[in-house]
Amino acid sequence: MVNITYDSSGDINWYDAATDTTVVYNLGDIAWVISATALVWLMIPGVGFFYSGLLRRKNALSMIWLSMMTLAVVSFQWFFWGFSLAFSDTANSFIGDLRYFGLKGVLEQPSIGSARIPSLMFCIYQCMFAAITPMLAIGALAEHGRLGPAMVFVFVWSTLVYDPIACWTWNTKGWSNKHGGLDFAGGTPVHISSGTAALAISIFLGDRRGYGTPRLAYKPHNSSYVVLGTTFLWFGWFGFNGGSALSANLRAVQACIVTNLAASVGGLTWMLWDYRLERKWSVIGFCSGAVCGLVAITPASGYVGSPAAVLFGVLGGTICNFATQIKFLFHYDDALDIFAVHAIGGIVGNVLTGIFAQASVAGFDGTTVIPGGWLDAHWVQLGWQLADSCAGFGYSLVMTTIILWVMHFIPGLSLRCNEEAEIVGIDDYDMGEFAYDYVGLEQDLGVKDIEGGLERERINATSGGREPRHGGPDGDSGATDVEEKHAT
């Protein structure tokens, strides 16, 4: 029997015999965090649809599958020991212990995140953060990663990378938390860690077949999926940032306002930067910029005012847009620009938080007291923001690389797929299923070449792009006489 009662207003009262005090849980606070949990859950398949739309159709379903698989694996890992490793109240400065192994003892006591909600509520809410983070990272497996070993990778990565970073950032015993690092909703634990892990995966797995050729410079196969994924993400981000107040109060409302504003400005900024090159109003550009704005505002959403959110959107959309060129400078194949959007976007958000965080905004909940950032003349705050960002970046990069290296030498756990899987697509090779049944697959696999036979068919398939081949069996253009006439 749980040790709770209800008062005349219907709120839950928990009596702590050790301190002879009564803790009141407002049902409105609990209802809001439950709703926020559902909103963040929706973001996970949102990532899957977003990534799916950006790829070629022969790999589209695998990204959606990965989103649901990640949710399932991390949900078990969080129950098993993830929550305890991240949020045990007997943790050290780096990682927790197994005090809450199997969620033992996680029930009606006040949570380590806020005394306004019980530990059980905090546990399931944080589970959603733990689940979306590796999904962001394993987008780097796109088109050349194996699905089976990905499940093992997610479990191990969540344990060795996400849980320690979450502990030092959000656990009151963590070193960054104790030194006053400000990260309201996951700039380092979610975005920097996942974006840096994606960089490590991209470098370790190597380039996709045909990388660096015009044939692999394909356009997203389904822009509608990208918009759908962005919609899920934007909608869910109100729970991601607003829910991190862990209470239904003015601070939660303010977090929702700056979240929406930064996303809007970020989307417009990226779209305008792309317009200068193409003279086209790109929905892909808008969606990419909106996500960058959301990433940048995440660590600051409970600390900054609305005017600052405009700057977060402008700088997030601008810096992340130009950061997409880093992969060409250092010659690695990040098909979905995860490093540019999430790692760089997270760093931008952390740095700007150190500058624009205000004690007055943090105090919108009536209880939080912080010294603020540069706007409050608290100059050292930026140093702690940089320290936390660099620690998360370095730790995730090194640990992810070690995990990949160890898995590579374990039979059956190498993450890189073989050549045949790249040719036919991960959907067919690993799943035997397709996003659109058989419609349009010839555009990815190459137009059937009866005269050239199987060998010519193989050349068509491995040439890489989403468009049909442009050369006939005898080296001609492959176009009809009418098409050639129009082309001239």
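Positions of Cβ are set from backbone N, Cα and C atoms, glycine also.
Per TrEMBL, transmembrane segment is recorded for 30-51 (among others). When Cβ-Cβ distances below 8 Å are used as the criterion, the transmembrane segment (30-51) is approached by residues 12, 63-68, 70-71, 117-118, 121-122, 124-125, 127-129, 131-132, 135-136, 139, 142, 225-226, 228-233, 235-240, 242-243, 246-248, 252, 287, 291, 336 of the same chain, each at least six residues removed from its ends.
TrEMBL lists 31-436 with the feature domain 'Ammonium transporter AmtB-like'.
Residues or ranges marked as transmembrane segment in TrEMBL: 63-81 (among others). Long-range neighbours of the transmembrane segment (63-81) within the same chain, counting only residues 6 or more positions beyond its ends whose Cβ lies under 8 Å from a Cβ of the stretch, are 41, 44-45, 47-49, 51-52, 55, 98, 101-103, 123, 126-127, 130-132, 134-135, 138-139, 141-142, 147, 150-151, 154-155, 158-159, 431, 435.
Residues or ranges marked as transmembrane segment by TrEMBL: 117-138 (among others).
Beyond its flanks by at least six residues, the transmembrane segment (150-172) meets 66, 69-70, 73-74, 76-78, 81-82, 85-89, 91, 93-96, 112-113, 126, 129-130, 133-134, 137-138, 141, 178, 181, 183, 188-189, 193, 197, 388, 391-392, 395-396, 399-400, 403-404, 407, 413, 415 of its own chain at Cβ-Cβ distances under 8 Å. Marked as transmembrane segment by TrEMBL: 150-172 (among others).
Annotated transmembrane segment per TrEMBL: 184-205 (among others), in sequence order. Packing against the transmembrane segment (184-205) from elsewhere in the chain are residues 129, 132-134, 136-141, 144-145, 157, 161-162, 165-166, 169-170, 176, 240-241, 244, 255, 295, 298-303, 327, 332-334, 336, 338-347, 349-350, 353, 388-389, 391-393, 395-397, 400-401, 404-405, 408, 415-416: each is 6 or more residues past its ends and has a CB under 8 Å from a CB in it.
Per TrEMBL, transmembrane segment is recorded for 225-246 (among others).
The transmembrane segment annotation in TrEMBL covers 252-273 (among others). For the transmembrane segment (252-273), same-chain residues at least 6 beyond its ends with a Cβ under 8 Å from one of its own Cβ atoms are 32, 184-185, 234, 237-238, 240-245, 281-282, 285-294, 296-297, 300-302, 304-306, 308-310, 312-314, 316-318, 320-321, 361, 364-365.
Taken from TrEMBL, the feature transmembrane segment applies to 280-297 (among others).
The list of residues near the transmembrane segment (303-324) in space but at least 6 beyond its ends in sequence, with Cβ under 8 angstroms from a Cβ of it, reads 182, 184, 254, 257-259, 261-270, 273-274, 288-289, 292-293, 295-297, 337, 339-341, 344-345, 348-349, 352-353, 356-358, 361-362, 370, 372-373. As annotated by TrEMBL, transmembrane segment applies to 303-324 (among others).
The transmembrane segment annotation in TrEMBL covers 336-362 (among others).
Here TrEMBL flags 382-406 (among others) as transmembrane segment.
Annotation comment: TrEMBL describes 456-488 as region 'Disordered'.
On the 0 to 100 pLDDT scale, the model's mean across the domain 'Ammonium transporter AmtB-like' (31-436) is 95.
Long-range Cβ contacts of the transmembrane segment (117-138) within its own chain (Cβ-Cβ under 8 Å, at least 6 residues beyond either end) map to 12, 14, 25, 29-30, 33-34, 36-37, 40-41, 43-44, 47-48, 66-67, 70-71, 74-75, 77-78, 82-83, 86-87, 103, 106-111, 145, 150, 153-154, 157-158, 162-163, 166, 186, 189-191, 193-195, 197-198, 201, 240, 243, 246-247, 338, 342, 400.
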